[in-house]
Amino acid sequence: QHNGYILGDSGYNEALVRTRVTVERSFGVLKRRFPCLSYGLRLEPEMACQVIIACVFLHNYGIERRDIMANMHDATDIDQPQADVIPANENGLRYRDIVAQRYF
């Protein structure tokens with residue numbers, strides 16, 4: 001028995017694809033800005049988490065200060081894979097909105 005929701009309609013699939021691409025782009029920006037993230041951290045998991053948090057903090061701080069690195073989205077982001085998306089039906093969209101309002 002499964003306790004929870006299974007995201008299965010095409011409306012969810014499209015949202016998940018867009019979210020995944022956005023997250024992957026963000027990781028790419030952080031890896032270009034902080035090479036230690038690109039090469040791999042040879043640290044205990046707890047310390048690695050602290051380094052990643054520090055990198056994200058410094059990146060956001062730089063954006064707030066309008067540093068030159070803030071606009072690092074470039075043409076390499078276009079290379080992200082795109083999934084075939086089937087249009088969602090009306091009921092699926094309505095149910096998605098109800099779940100989003102209730103839980104997010």
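Heads up, the Cβ atoms here are built off N, Cα and C, so glycines get one too.
The following features are taken from TrEMBL:
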DOMAIN    11-60  domain 'DDE Tnp4'
Mind looking up the mean pLDDT for the domain 'DDE Tnp4' (11-60) in the predicted model?
89
DSSP says what for the domain 'DDE Tnp4' (11-60): how many helix, strand, coil residues?
44 helix, 0 strand, 6 coil
